[in-house]
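Sequence annotations record features per position, and here Swiss-Prot assigns ATP binding site to Gly321, Pro322, Asn323, Met324, Gly325, Gly326, Lys327, Thr328 based on sequence analysis. Per Swiss-Prot, domain 'Smr' is recorded for 681-756.
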Amino acid sequence: MDYLESLDFPKVVEIVKKYALSDLGRKHLDTLKPTVNPWDELELVEELLNYFNRWGEPPIKGLNDISQEVEKVKSGSPLEPWELLRVSVFLEGCDILKKEFEKREYSRLKETFSRLSSFREFVEEVNRCIEQDGEISDRASPRLREIRTEKKRLSSEIKRKADDFVRTHSQILQEQMYVYRDGRYLFPVKASMKNAVRGIVHHLSSSGATVFLEPDEFVELNNRVRLLEEEERLEISRILRQLTNILLSRLNDLERNVELIARFDSLYARVKFAREFNGTVVKPSSRIRLVNARHPLIPKERVVPINLELPPNKRGFIITGPNMGGKTVTVKTVGLFTALMMSGFPLPCDEGTELKVFPKIMADIGEEQSIEQSLSTFSSHMKKIVEIVKNADSDSLVILDELGSGTDPVEGAALAIAIIEDLLEKGATIFVTTHLTPVKVFAMNHPLLLNASMEFDPETLSPTYRVLVGVPGGSHAFQIAEKLGLDKRIIENARSRLSREEMELEGLIRSLHEKISLLEEEKRKLQKEREEYMKLREKYEEDYKKLRRMKIEEFDKELRELNDYIRKVKKELDQAIHVAKTGSVDEMREAVKTIEKEKKDLEQKRIEEATEEEIKPGDHVKMEGGTSVGKVVEVKSGTALVDFGFLRLKVPVSKLRKTKKEEKKETSTFSYKPSSFRTEIDIRGMTVEEAEPVVKKFIDDLMMNGISKGYIIHGKGTGKLASGVWEILRKDKRVVSFRFGTPSEGGTGVTVVEVKV
């Protein structure tokens, strides 16, 4: 029994097939079915998706379906020139793809496609022997060149003689010309003059007035041309056979290349599908959890994401709610996504989604839209359920839609409960939809089951398609009837016919729905506040980092200026000595030594004076020539440890000047306003086209503010936006480098860019 069809599996595969490059990939996609070990395929899809996000599309050349050409080679028939060209381009594409993955860091892709065999010699031979238009080149063989050279010489001789014949026999010709038919040069001779020249008549015009004659003097020449043409044909056949035999001798390698390219094309299509549907690669887990799962058959503008989690201590969901509320789509999505994951497909959902491997996936999907189900429909469903119950075990995922419907509600409910109990006893994991109140109550009291319902908006009389976990759904019949204007007297009459327990249950369900709606609203508010808090926290952390960076840059500048000054003074002294007009060289050297000794003595004296009399822990100081004020922490051996707020430096006391604490504010040239410019931008939610001007302006702002590094927050998702940002940065000559952030900077959700300043 094909349960995959009832879960829409084949329809989704058809969508994916549209992204394949050739029939090779489309055929491979048709072979993918759920398996208990989908790791291989999923890891390859994940690596190729990461490749796309970083490098864009891989180099693809001529990766077409050459299955027919391979079959022809196997049969022993030589390939035609255009077929050889097609195979050659395909094999050249294999080489390009193999080399591309060899130089990248994707181990699974590298390992898989390293098995592609190189046919470089064959490709070179084809390029030598066959022109791009499919004609056999003169370079194909020396013999072919000889034949064509002789044929060309002979043809020129015949044309020269033919021109002479036309000129000398113009009186017998119907027209001053000759024709080339069936490899022979013929002349249109007047029928009445056909005996004027010896030759062979080949054709007669429809009017009978003209005969096409081959003069005897041309017969031998024409025969020689025909012979050369036959030799040319045989030589070309030999060349084509020779090229085909190269492929035949490596048939196993050729077939393996075709299989590997079919697999690559299949992976390519799945990755394109993931990028188009904002999908992610979900790997087998020990639990079931859907995070913003989107059924791929529902148009993007109308799909409502499904969020659902089955706790480890539970083995089933009973989902209730009004018709057209999304129950069937919800359970179908669970089954479909499980089957797709087990077949190696990415899923249209968010990160955090988890799915289990089930060796058996079985489903009976009802017709939720049916107004009235007949006995035959009930029998049809029951036949499927009998098969499911018979085969179910602890390895089974069972999807049952509208269980117990289509018959008497009391009997249907009893039957549904009995079926659910049997499936749970066998260890199956179940997802069931129903309208029946006894089944809802049963689920509320069963330790292995969870109730869920589809949210309904009584104000608009329409479903929201959101799943509410932990509470059964109501029919909302009275609310809908009242809203549509049914007499209240009739509605009250209907209510009075409900049992006390039924009224209490409906009231309880309604109350739970209201409370859950409030909790969901609070949850959304808290989530929004948390996101705002995280943004604020990131902002302050960045402000702190920027302030610290600018402080360090300020001290670097001061130290550079100090060193420049020292070098300048030394240079001036050297020049003074060099241009001195009096005194000997030895005297000059002695004078320099004396100056340097005095300088050292002076500095030592300043150190001692500063250490003993001036600089002490707690003092506020500035570096010589500097503006930033710091506080002395300790003084040891002529060196002070100074705290400048965001930075501590060890500085010779001779380079420090005591100052007042207030001077820090008055004299410091350092000024930073974190609110004036931020070194990060958040482009999440934008398209690449929307983000491009924002990113370029951000680079402008960085350079105008003299800041070399910035952070672009694009989020993770499919990586399409990140890939687009990298392409923008790669083309911008102002950009020095860019990379993904470290874990502390935001990981692959952030790009760190450095610009020229």
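Cβ from N, Cα, C; glycine included.
Following the DSSP three-state reduction, the secondary structure of Thr328 (ATP binding site) is helix. Residue counts of the domain 'Smr' (681-756) by helix, strand and coil are 35 helix, 19 strand, 22 coil (DSSP-based). Per-residue pLDDT, averaged over the domain 'Smr' (681-756), rounds to 87. Around Gly326 (ATP binding site), taking its Cβ as the centre, 24 other Cβ atoms fall within 10 Å, counting all chains. Its Cβ taken as reference, Gly325 (ATP binding site) is surrounded by 25 other Cβ atoms within 10 Å in the chains shown. Neighbours of Lys327 (ATP binding site), defined as other CB atoms within 10 A of its CB across all chains, total 29.
For Gly321 (ATP binding site), the number of other Cβ atoms no farther than 10 Å from its own Cβ, over all displayed protein chains, is 26. In three-state terms derived from DSSP, Gly321 (ATP binding site) belongs to neither a helical nor a strand segment and is classed as coil. The number of other CB atoms found within 10 A of the CB of Thr328 (ATP binding site), across every protein chain shown, is 21.
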